[in-house]
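Chemist: Encoded as structure tokens, here's the structure I'll be asking about.
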Amino acid sequence: MGIANNLRLSSSLSRILHRRILYSSAARSFTTSEGHRPTIVHKQGLDILHDPWFNKGTAFTMTERNRLDLRGLLPPNVMDSEQQIQRFMTDLKRLEEQARDGPSDPNALAKWRILNRLHDRNETMYYKVLINNIEEYAPIVYTPTVGLVCQNYSGLFRRPRGMYFSAEDRGEMMSMVYNWPAEQVDMIVVTDGSRILGLGDLGVHGIGIAVGKLDLYVAAAGINPQRVLPVMIDVGTNNEKLLKDPMYLGLQQRRLEDDDYIDVIDEFMEAVYTRWPHVIVQFEDFQSKWAFKLLQRYRYTNRMFNDDVQGTAGVAIAGLLGAVRAQGRPMIDFPKMKIVVAGAGSAGIGVLNAARKTMARMLGNTETAFDSAQSQFWVVDAQGLITEGRENIDPEAQLFARKTKEMERLGLKEGATLVEVVREVKPDVLLGLSAVGGLFSKEVLEAMKGSTSTRPAIFAMSNPTKNAECTPQDAFSILGENMIFASGSPFKNVEFGSGHVGHCNQGNNMYLFPGIGLGTLLSGAPIVSDGMLQAASECLAAYMSEEEVLQGIIYPPISRIRDITKRIAAAVIKEAIEEDLVEGYREMDARELQKLNEEELMEYVENNMWNPEYPTLVYKDD
């Protein structure tokens, strides 16, 4: 493309972005890097100070204090946002210990309480603190601390956040959805609380996971916080403790099943897409028996995806591709890897399906390619190795059941233990998605010493931390420093002395889902295709430098999350363009999107990422 054409495209992009700044409108206006338009508000005085969307606290200028009837309601010293953050951080460090409710309230939960109070009173400052300290606070607002929050949510509940749709609301959801004040919602994270992380059925307490995920959408992807909606669908709980707890905030009845359950989810989906036709819905922590059914039910007609099935799979694939690179081999060698997978739930099957598709694509996407890819996996669940001899086999796992005669030649049989499988298969990778803490025992790790790989990999991906299949200390102490380790929860690196480090890569879903959501939003794609998910995984896998992967670093530091998300969103948009799925976003229509080169595409993404900056507020009487 010539220089003149590039100049014309850049000029076109600038004009489009400028038009969007001038003419886009919503009931709740907001400020992004696109511009600094004043925000019209319809309240004054204490009402403003009590509204976390508009409250600036001591950062209100004297002009705004006069304009909004705030004079005398705040201390006279006007502080800028940096001074406010400094004051908050000083208080946070001082209050971490004092905020504990007692011996059972650990430090991480104390931090969550303090951050949550800030969120309740000043959203802009909250997200500024979170973005500036993302490496420290992501584990607080998300995994692993969010698991503790969900377990104690009834006691922690102070201020409603998000929406609750229950089995008692059947027939009313279409009108209920209009109770939410935002005229436009870009992103919904919804859960039914049936399988929160590896903690099981937590019922209505599961809303904590939806809130935490959306905090990361705002911090990592720049989704405007006024356009996100956490949702809990309460269809009951089978948790005996919650059913008997008088303090439990949800429906104290058994979970709905079969058509009754589907009817509730269908009504919810119809309601939200009626009010917000372009919203993206991320399904989160649904038990396996519903996760796949709901994904297949809605994915080809709605802008939705399931993070446990597809997001976890994408992060795992990126890590597996990184493990290939860490051996000094090209990613195209991925189809040669032998992988033993521990766990056949929604996450495990999601990873298996995605890995098989990735291998098959690299081999040419033929029927033979899919058969070849399928033969690289050995799946072990709670009953042992899954073979064709298994009775009442889960339909989702059927595809990966090993042939009985083939296993007999290896000396294995239906139900063989994990250590037996590892010992005989000698895999390149041992991948844990079982939610069983300590599953990779000393005996299993010792068996991995027989791996035919020059650099074997251990992926202990289950969350929260106590459910990790092993710790990095366990793995490195047995397999030595020349191995690759990844986990779902954060662990500290292992020091070997003499400057040698065993890197503990956190394969966190937050590397992918914000970019997938943002890319889908900005492309206008009506669905989230397999190709878009694949593009996100490959972008993450390629993000690390050759020097980094050879050191055993296969995932980037969380501190780079905004840059990672920007690149993944651009890769998702590019793939949507190639699949002819783009429909455009705001003033950027499909034809204009298709004309953007890579640099302009990155600029387009960055210009649509919200930043936590105080807007100028202007009062207007209703």
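Cβ atoms are placed via backbone N, Cα and C, with glycine included.
Not my notes, these are from TrEMBL:
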- TYR142: active site, proton donor (ACT_SITE)
- LYS213: active site, proton acceptor (ACT_SITE)
- ARG195, ASN463, ASN508: (S)-malate binding site (BINDING)
- GLU284, ASP285, ASP308: divalent metal cation binding site (BINDING)
- 119-299: domain 'Malic enzyme N-terminal' (DOMAIN)
- 309-577: domain 'Malic enzyme NAD-binding' (DOMAIN)
Chemist: As a test of reading the model: what is the averaged pLDDT for the domain 'Malic enzyme N-terminal' (119-299)?
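Modeler: Taking every residue of the domain 'Malic enzyme N-terminal' (119-299) together, the mean pLDDT is 94.
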Chemist: Of the binding-site residues listed here (ARG195, ASP308, ASN463), which is spatially closest to the residue listed as 'active site, proton donor' when Cα positions are compared?
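Modeler: The smallest Cα gap between the residue listed as 'active site, proton donor' and any of the binding-site residues is with ASN463.
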Chemist: Of the binding-site residues ARG195, GLU284, ASP308, ASN508, which sits closest to the residue listed as 'active site, proton acceptor' by Cα distance?
Modeler: GLU284
Chemist: Same-chain residues six or more away whose CB lies under 8 A from the CB of ASN463 ((S)-malate binding site)?
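Modeler: Expected: THR143, PRO144, GLY147, LEU197, GLY198, ALA435, GLY488, SER489.
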Chemist: For ASN508 ((S)-malate binding site), which residues in the same chain are close in space, meaning a Cβ under 8 Å from its Cβ, but six or more apart along the sequence?
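Modeler: Sequence-distant Cβ neighbours: ALA138, TYR142, THR143, VAL315, GLY488, PRO490, TYR555, ILE558.
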Chemist: Rounded to a whole angstrom, what is the C-alpha distance between ARG195 ((S)-malate binding site) and GLU284 (divalent metal cation binding site)?
Modeler: 9
Chemist: Of ARG195, LYS213, which of the recorded positions has the most Cβ neighbours inside 10 Å?
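Modeler: Per the Cβ count, the most surrounded site is LYS213.
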